[in-house]
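Copied over from Swiss-Prot, here are the features:
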type    : residues                                : note
BINDING : Q99, G117, E118, G119, K120, T121, D631 : ATP binding site
Amino acid sequence: MMDFLKRFFGSSQERILKRFQKLVEEVNACDEKFSSLSDDELRKKTPQLKQRYQDGESLDKLLPEAYGVVKNVCRRLAGTPVEVSGYHQQWDMVPYDVQILGAIAMHKGFITEMQTGEGKTLTAVMPLYLNALTGKPVHLVTVNDYLAQRDCEWVGSVLRWLGLTTGVLVSGSPPEKRKAIYQCDVVYGTASEFGFDYLRDNSIATRKEEQVGRGFYFAIIDEIDSVLIDEARTPLIISGPGEKHNPVYFELKDRVAELVYFQREMCNHIAIEARKVLDPFLGTDVLPKDKKVVEAISEACRALWLVSKGMPLNRVLRRVREHPDLRAMIDKWDVFYHAEQNKEQCLEKLSSLYIVVDEHNNDFELTDKGMLQWIEKIGGAAEDFVMMDMGHEYALIEEDATLSPADKLNRKIAVSEKDTQRKARAHGLRQLLRAHLLMEKDIDYIVRDDQIVIIDEHTGRPQSGRRFSEGLHQAIEAKEHVTIRKESQTFATVTLQNFFRLYEKLAGMTGTAITESREFKEIYSLYVLQVPTFKPCLRIDHNDAFYMTEREKYQAIVAEIISAHRSGKPILIGTESVEVSEKLSRILRQNRINHTVLNAKNHAQEAEIIAGAGKVGAVTVATNMAGRGTDIKLDEEAVAAGGLYVIGTSRHQSRRIDRQLRGRCARLGDPGAAKFFLSFEDRLMRLFASPKLNTLIRHFRPPEGEAMSDPMFDRLIETAQKRVEGRNYTIRKHTLEYDDVMNKQRQTIYAFRNDVLHAEDLFVVAKEQIEHVALALAFLILKDAHADHCSLPKIEEWLSYSFPVKLDDQEIRRLGDVDAVADYIGDLLIEAFDVKFSAMLAEFTEIIGSAANAQGICNDILRSVIISHIDEEWKVHLVDMDLLRSEVGLRSVGQKDPLIEFKNESFLLFEGLIRDIRIAIVKHLFALELSLTRSDRPDNAIPTVATAFHNHDNFRPMELTIVGEEEES
């Protein structure tokens, strides 16, 4: 029925394209009409359209004319030289109808999927121009600085011709320049540059003049699937060195390495013994039928199953798994031990290991044997695995009648510190084990210049400056024997998901979005529209070639490279990691094939390598770095030879990455071909393929070196990729649900902070904080006044110590009501505040000679005090939230929903944060002591203040230096 309706009415995509096609015709009509205008008359269209928008016309109404103007300008610029990256290029682009379709979709808030080479960069100019007519901030987000600079210089020339201003944000731009850039009508930059400026404006700036942004109206995100999906789990973080250095990584690194060594040696011994039994059968296609031999083979495979749980990448294990029948037997034991009725046998078998590694879920678990080895043989402590029961410890202290209240408090502090140290040690131990067992050099990271540099799993690019969180980076530094740096402390953080939700309007463009359309719809309310190509794609997509073993696969790849190389075709070989790219490079050198390698270790030569990758006979081995945003241009001889030949050495876990690699060839009508070579030992097949795979392998086992190719295998691959994508989507959605809680708190704090920065009269803001503190104190006093263990005298003692007021007990008891008591305390505090700061203001006025300047100085002092405490308490709160996030998952053991628990407890933490901020501010204001000095500078500068604020619990008098002309005596 649904198929019939689709055939009758068309799919939703077809209906949308049909509706937009009418607008395309209107745009083309406007373009023809504007052809008769002079250049000056066409330029005047911009202020005219702006005025019409101000007069109430909608952007939708202005769209045909605005897009027609842009198309006409592109036509007029034809043949004009434009300077791009220091070189002059002739303008040769006029939007096609399909590009106008994409531009309409972007203005309407769609993600447009346009194939490689279809001109996404030019397409974006039209919605950028239209939305810039509003005068509101319009941003084009790219994936790197080079593309931002290039697009601003190249297609930005159209916007500048029409009288709009353009700016580009690149890393290293100074703050004063950034502010000017943000004033431009259209700003180009990367997601991280826009995001970090948002964080700096809301967490680092201490005066409104230091803020650079001007809001978030409309953004187009280039390669939107990369930004909002691949990078979604990586938050933007502004951090600094932590206050304390955790020595546990240095102390435990050798012990952890020793424990991992014991595990490796034990697994190697088991594997070697198993191979002695299996060696005679590795070269045969059919296993013997003798019962005793079959039992011996089965036991050897059982032993290798155990090895797979201790060292999944063991070489003997990998070699044995090349045999389909032996592989099936190992997997049969896996099914056996995962059955519920065999659970005890499984646990008994696994208990012989020191560590159980779960490669599928990227996790591990220390066994009792491993803990015993750690304590008895390696020199660890039993306390490393046992956390303190703080409730029990505190109860014991309270029950001790020999202790005074002060002693009890000191004991509790000591126990708390001991618990913190023990948790830090246990956490460090776990991260060191993770670094050794799950993090692989040249796959997850590289070592360069005494530093650990992360490799982006999606792009293959090195991520200099980025560090693994929660101490994992320090653990890897310890593992690789490089300098162990301090753990950083987070000052401000936001995920890209929540950052881009700040924009009123959001659109995107990419070549690969349709596979993630569900996620874009559910999380961002963005719909994907596939735009037709201008020219038919001539790419030949060969069927995937499946091989039994990795060894056979590489032999086939080399043979294919040699064959294609002889024909003169340029070849791009895509690999999944630095390790694989270097391995393939060694094989090519052995076969005397000249080639270049592009990976995270030599990314500095990327532009040069890519420039030569399209020449006839070129062979380029690359990681995913060459997969996205890379334009490989062919010379004439290469086109004649058949175009670029893309060879994939494995399938990525994401179908989008495979499509990106394929998309490097056959752009804009060029010829090209793509083929993937796979083995059943590839990680994707090994961990995520269907259980039916073993049966298929046993039935379709081809001769040595011969490929298998069948639609059934293609479906298996797609199923495995969908399974991984589904799991990753669940993780991203789960992460976002937690971050949404943090996001609401972040917005509240940033709004409070901005109110302080932009307030004209900080005395009003300070008095508001005093009133809030008075209300909190009233609640506390009345709560304790009605309790059996009345501690009203203690509260009053603390109050008189912290603030210059003394409460009247009788008056409080007479009032009895929270609001009345709050008004009473508030009046006392505000009166004391007025006395203190009126005297300060009078003193400043006398010295400076200007009441207005003195008022400004006092405002600066109050603003700095308030901002400093907001920032300090927020940093502490971020740490508390991270700890809560890491611990709340354990609540599921008690049949509680961790997310609900997180929301409830984070709300309590946030209430405490607001209370602590207000109390800290008010305490500091009353504790403030100032001494005034005058600078000897002869110039008659405007009076300014230099202040240094200290923690309010350990404050020292601040010195204000008034800069001005010395008074004559």
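Our numbering is plain: 1 for the first residue shown, then up by one each step along the chain.
Heads up, the Cβ atoms here are built off N, Cα and C, so glycines get one too.
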Report summary line: Widest Cα pair spacing in Å over the listed ATP contacts Q99, G117, E118, G119, K120, T121, D631 is 19
Report summary line: Cβ-Cβ distance under 8 Å, sequence separation of 6 or more, same chain as K120 (ATP binding site); the residues meeting this, in order, are G102, T112, M114, D222, M509, T510, G511
Query - Least Cβ-crowded entry, counting other Cβ within 10 Å, from the binding-site residues listed as E118, D631 - result: D631
Report task. Select the most exposed residue of G117, G119, where exposure means the fewest other Cβ atoms within 10 Å, treating these as the binding-site residues. Result -> G119
Query raised in the report: What three-state class does DSSP give K120 (ATP binding site)?
Result: helix
Query raised in the report: Using a 10 Å radius around each Cβ and counting other Cβ atoms from all shown chains, which of the binding-site residues Q99, T121 yields the largest count?
Result: Q99
